[in-house]
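Over in Swiss-Prot, the protein carries these features:
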type	residues	note
BINDING	H120, Y124	heme binding site
TOPO_DOM	1-8	topological domain 'Cytoplasmic'
TOPO_DOM	30-128	topological domain 'Periplasmic'
TRANSMEM	9-29	transmembrane segment
Amino acid sequence: MQKIVRNRLIKIIICFCSACLGISIILYNLEKNIIFFFPPSKINEAEQGKELRVGGLVKRDSINKISANKISFVITDNIKDLEILYQGVLPALFREGQGIIAIGQLSDSKFIARQLLAKHDENYRPPS
């Protein structure tokens with residue numbers, strides 16, 4: 001009888017340790033996705049040298065077209081501003097006052113974006 005209880009206890013402990021290990025691996029791999037994006041005022045909390053997502057509203061009168069497909073603009077969270085440099089095709093919803101998420105790296109005081117995601121507003125309008 002003692003041997004059966006001991007074997008069952010060992011199996012339970014192995015299952016528990018396996019579950020803990022699996023959950024730890026999942027959380028470790030999801031670490032960079034737990035915070036979807038940083039606002040400009042919290043960008044200093046982000047880990048430097050890694051790819052980041054930063055989000056905010058495109059500040060009015062800040063869009064500066066440098067060349068045919070290179071642009072700079074400023075995003076804000078109404079606390080702090082951050083200059084974004086982007087080279088590529090702009091999303092269709094990109095405009096002043098619109099929310100965006102930029103994916104890239106922080107370089108000095110500028111953010112070099114490799115991808116832009118334009119956020120739409122939360123108001124639903126059915127097609128007419």
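A Cβ is built for glycine as well, from the same backbone N, Cα and C atoms used for every other residue.
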Mapped DSSP class for H120 (heme binding site), helix or strand or coil:
coil
Which residue counts does DSSP yield for the topological domain 'Cytoplasmic' (1-8) in the helix, strand and coil classes, in that order?
7 helix, 0 strand, 1 coil
Where DSSP helix means H, G or I and strand means E or B, what are the helix, strand and coil counts for the topological domain 'Periplasmic' (30-128)?
10 helix, 42 strand, 47 coil
